[in-house]
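Under the heading domain 'Nucleoside phosphorylase', TrEMBL lists 7-245. Feature annotation from TrEMBL assigns phosphate binding site to Ser13, Arg55, His56, Ser88, Ala89, Thr187. For Ser168, Val223, the entry in TrEMBL reads site 'Important for substrate specificity'. TrEMBL lists Met186, Asp210, Trp211, Asp212 with the feature substrate binding site.
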Amino acid sequence: MSDEWVIGIIGGSGLYAIEALEDEQWIAVQSTWGEPSDEILCGRIGHVQVRFMPRHGRGHRVLPGRLNARANIDALKRAGCTDILAISAVGSLSEDLPPGSFVLVDQFIDNTKGRPSTFFDNGFVAHVAMGDPVCERLTELTAAAVAQAGGEPHRGATYLAMEGPQFSTRAESKLYRQWGAQVIGMTGMPEAKLAREAELPYALLAMVTDWDSWRDGEAAVDVGAILAQMAANGDLARRAVEELIRSLPPRRESSPIDRALDFAVITAPEQRDRGLMTKLDAVAGRLFAQDRG
Ligand SMILES: CSC[C@H]1O[C@H](OP(=O)(O)O)[C@H](O)[C@@H]1O
Ligand SMILES: Nc1ncnc2[nH]cnc12
């Protein structure tokens with residue numbers, strides 16, 4: 001494996017392009033998993049190659065529950081990404097995280113309903129570890145970049161992924177607090193699971209836009225409040241992404257996540273489904289290359 005960084009950025013609500021990219025070009029990447037949300041904006045910042053995917057597509061066309069996260073992750077891998085930084089707007093479930101906070105997520109609770117959440121299936125069964133769902137190295141580099149951009153990064157938070165698209169009821173919002181979640185959004189899962197299955201180190205920078213709906217006596221969250229806060233957060237988010245890319249060490253050391261599938265696949269070689277393996281050529285092709293010797 002090469003020691004060059006190719007950073008994938010998944011831009012969430014409010015982040016639909018990266019202005020600082022040089023030699024940039026929108027490129028359609030075909031995935032074996034269907035249609036990605038959009039083309040990928042490919043370019044570089046300094047010596048680092050960057051691949052940017054607007055999670056909901058340009059113009060925010062795709063509903064969170066209809067996102068083809070498999071195609072998005074697969075397309076980023078096909079575009080050469082070595083690592084992914086995802087950016088998301090979130091509601092706060094914690095008194096300590098007021099709107100405007102920048103949070104490095106380190107845990108997830110997946111409460112989404114019925115979204116395709118794995119690349120694997122009958123004929124190619126694999127179980128990746130998700131105990132530590134984000135890449136510590138990329139998370140730490142991102143926290144440093146937020147600080148360098150003038151923000152105050154908050155390290156460590158549990159992200160509750162809800163189905164949406166409606167926001168939570170007050171009762172749900174209070175329940176998620178009892179579950180131990182500190183922020184809430186609609187997209188971090190299954191994205192983080194799929195990145196792990198694709199052996200892509202993944203970090204999630206969450207921008208708090210609202211208090212969700214758990215505070216008695218206060219208005220429940222609505223999109224108007226979120227958009228206003230997003231506009232206020234946007235500049236810092238953009239600067240942090242640029243700082244991150246400029247601050248990457250010249251050479252990328254390998255990560256254990258680059259080999260997340262090493263001991264994960266348990267289907268016997270002679271029982272494997274060739275059709276599924278063809279679809280998995282980008283996600284798990286490294287293993288098949290080994291099989292061929
Ligand atoms: C526009 S508010 C709700 C919307 O914002 C978040 O999106 P993303 O994670 O892509 O920034 C949330 O998950 C919802 O999809
Ligand atoms: N309160 C909230 N709930 C779910 N997703 C969100 N994205 C931004 N704020 C949110």
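For all residues, glycine too, the Cβ spot is worked out from N, Cα and C.
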Of Asp210, Asp212 (the binding-site residues), the residue whose Cβ has the fewest other Cβ atoms within 10 Å: Asp210
Integer Å distance between the CA atoms belonging to His56 (phosphate binding site) and Asp210 (substrate binding site): 20
CB-centroid shell, 8 A cutoff, phosphate site Ser13, Arg55, His56, Ser88, Ala89, Thr187, site residues removed: Gly11, Gly12, Gly14, Pro64, Ile87, Gly185, Met186
For the domain 'Nucleoside phosphorylase' (7-245), the mean pLDDT of the predicted model: 96
Where the C-beta lies under 6 angstroms from ligand 2, the matching recorded positions among Ser13, Ala89, Met186, Thr187, Asp210, Val223: Ala89, Met186, Asp210
Cβ neighbour count (within 10 Å, all chains shown) around His56 (phosphate binding site): 22
Candidates Ser168, Met186, Trp211, Asp212, Val223 (recorded positions) - the one closest to Ala89 (phosphate binding site) by CA: Met186
Alpha-carbon distance [His56 (phosphate binding site); Val223 (site 'Important for substrate specificity')] in Å: 16
Cα distance (Å, whole number) from Met186 (substrate binding site) to His56 (phosphate binding site): 11
Asp210 (substrate binding site) - helix vs strand vs coil (DSSP): strand
Neighbour tally for Val223 (site 'Important for substrate specificity'), based on other Cβ positions within 10 Å of its Cβ: 12
Of Ser88, Ser168, Thr187, recorded positions neighbouring ligand 1, Cβ under 6 A: Ser88, Thr187
